[in-house]
Amino acid sequence: MWGWKCLLFWAVLVTATLCTARPAPTLPEQAQPWGVPVEVESLLVHPGDLLQLRCRLRDDVQSINWLRDGVQLVESNRTRITGEEVEVRDSIPADSGLYACVTSSPSGSDTTYFSVNVSDALPSSEDDDDDDDSSSEEKETDNTKPNRRPVAPYWTSPEKMEKKLHAVPAAKTVKFKCPSSGTPNPTLRWLKNGKEFKPDHRIGGYKVRYATWSIIMDSVVPSDKGNYTCIVENEYGSINHTYQLDVVERSPHRPILQAGLPANKTVALGSNVEFMCKVYSDPQPHIQWLKHIEVNGSKIGPDNLPYVQILKTAGVNTTDKEMEVLHLRNVSFEDAGEYTCLAGNSIGLSHHSAWLTVLEALEERPAVMTSPLYLEIIIYCTGAFLISCMLGSVIIYKMKSGTKKSDFHSQMAVHKLAKSIPLRRQVTVSADSSASMNSGVLLVRPSRLSSSGTPMLAGVSEYELPEDPRWELPRDRLVLGKPLGEGCFGQVVLAEAIGLDKDKPNRVTKVAVKMLKSDATEKDLSDLISEMEMMKMIGKHKNIINLLGACTQDGPLYVIVEYASKGNLREYLQARRPPGLEYCYNPSHNPEEQLSSKDLVSCAYQVARGMEYLASKKCIHRDLAARNVLVTEDNVMKIADFGLARDIHHIDYYKKTTNGRLPVKWMAPEALFDRIYTHQSDVWSFGVLLWEIFTLGGSPYPGVPVEELFKLLKEGHRMDKPSNCTNELYMMMRDCWHAVPSQRPTFKQLVEDLDRIVALTSNQEYLDLSIPLDQYSPSFPDTRSSTCSSGEDSVFSHEPLPEEPCLPRHPTQLANSGLKRR
């Protein structure tokens, strides 16, 4: 009889707990039995920390039950329940709530409550405003207390200062604390490597929070390495403490997946399942979740490749944290099987797989524990059953994984996995592949294609590439024409493609074809394949050069892309400069058409739209400039070369490129000095591209030698406003050139601002020819011969052209070189 009363009491208590409101993790008054005050222990946990809860137990406890917000708490890969204790690893804000530990015993039941708040604030990047306020109040209180005895400075929280060596990746925020006290209140100052540390000693400066005795440095770079010493002193003494900072420089690599994740799962029918996949990547990764499925009763196709279904893929508004977790609700027997986490970036692809086993749900029968022996029997039987299931799952997984191929292709909702080509070295299987990547075949197989009649490229053996039916175009439907130029890996020729549109098989389309040069190497082949695979992954957009097809079989590799008839944006702008201007190298030249202000803003708007799309696909361009934007017959701007696997820092800064311009003039300071490439560094380059547009193809930083440019950028100098540029657009350029990357606008914000400016700009606002021209940067600076060249800036100019006269240099250009101090 007493047992039934206990059970009834427990049911009433659980029902009351279920009524608890989620937004406020507090216990309602009606949940407090018989008016007895209920104690709730409050816990504040930072994201990523270990959450530990321990229940108070009586000696005669027979059962323990854990609830969160009135719902039964179950174990997962992060949550471990061991009787009276609960541990949650890598806590996240979703773990916040009201936890309850309900214990039953012959003498009654007891409940312990924990109110858990997992703060969204990261301790390394936030300003701890609450701490500042409270500390300030304490300081004021300390100062106002009368008759306080003098005390030399001392540490108030020495346990928080035990970690002296801090190794962090570049671009992270670093915060050092020296919490201390004394009477009178001591002062705080910071040294770097034993010398006084001032904000202007680093790009972006730093913040000192005197209320919390801390220093904060945003977006750290390798030059921030060193020893940082805090000195706390008053008239009665001085103490100091030194932290060592090591900034780890990021290097490009394909995504790295944490070993053991995702982990195999064995759950009951109707349960919820969570797969976790930790991805580490410097170039931002594109993550997908796949499930291996059966098609017509078979998991393997005729070509011995498995079928998969895409369950989750990254969108414009999804974050990497959201993509790292796959949730399955109310699982059924059909959900059992193999699941794969696939991550890719501009360097390559990686994947891990795990198995889900679904078991028949066990009926829950209410029973009263009559003896501890009965409870032990249930525990032993349950443990033996679970161990057997786990062993069975491991055996099945080993048998299945031995027959799987590791080549993945994931662009259709349900499709066969095509052979994925690594984006660096194709001819060997990577030795660092994970255990779940049992690749046993060469992804690019050596073969002799003697039937093709094509001469073998120097330094490159011939290879058989896997055919992709969605992109493959027969060679007899491609007619090659005149050369258009030379690219990074080879040459580009004009061609006519027949039947690119499957619905119109006889339509002829003008296209551009990228191919290798005769002296190409294996690395050139690797890079061209890398660019093709990246274009497939990124997809299509109006303002980027889109992939149309490829010829990979029975001959050399041809990559077919859209053709832009009006050349690159820089040449397009120069050809449309108003006649009679001093900086025009041919004053008698009549432009093809005159551009209005609205036309120029439209150019910028279209490029921003293309970059916004690339950013949404986690693609970092690294070399955005007017020369890499192409113009179609309909004046549509298309961003090119976004799929190149380039390493800009292998370029000699003192060597001219083919068009006489160096990438350094478009590179952000963090990319130039510390090799950190992000979407924010692309925004800096976009600001330089804006300057090119409104100078009608001018050369950035005219007359400035490389060594001087480095110095001026570090000192905060920026280029002047072009004459035909509004103040609003110039401020947009300056925002793009902010020294702190996080303070620059995003491409989404730039698109919104330029869209508004386009709508407000009149079609009749042509360039004002009466404005003085000394602020324009000449397209061809005066470096054409020994009689009018400057040795300092010859690295920034064009090679001499026979029909171009030597232009006089403007005095104002020599005076300030078109630069302002920010």
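From the backbone N, Cα and C atoms, a Cβ is placed for every residue, glycine too.
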The residue range that Swiss-Prot labels region 'Heparin-binding', out of 88-105, 160-177, 322-339, 412-429, is 160-177
In Swiss-Prot, which of these is labelled N-linked glycosylation site: Asn77, Asn724? Asn77
Per the Cβ filter (under 8 Å) with a sequence gap of at least 6 from its ends, the transmembrane segment (377-397) is approached by 264, 266, 355, 357, 359
Consider the glycosylation sites Asn117, Asn227, Asn264, Asn296, Asn330 and say which one has the Cα lying nearest the Cα of Leu484 (ATP binding site). Asn296
Given the binding-site residues Glu486, Glu562, which one is most crowded in terms of C-beta atoms within 10 angstroms? Glu562
Using Cβ-Cβ distances, find the residues under 8 Å from Asn77 (N-linked glycosylation site) that belong to the same chain and are at least 6 apart in sequence, listing them in sequence order. Leu261, Ala263, Glu274, Met276
In angstrom units, rounded to an integer, how far apart are the Cα atoms of Arg627 (ATP binding site) and Asn227 (N-linked glycosylation site)? 43
Asn117 (N-linked glycosylation site) to Glu562 (ATP binding site), Cα to Cα, whole Å, comes out at 53
How long is the line from the C-alpha of Asn264 (N-linked glycosylation site) to the C-alpha of Glu562 (ATP binding site), rounded to the nearest angstrom? 45
Give the number of CB atoms, excluding that of Leu484 (ATP binding site) itself, located within 10 Å of its CB. 17
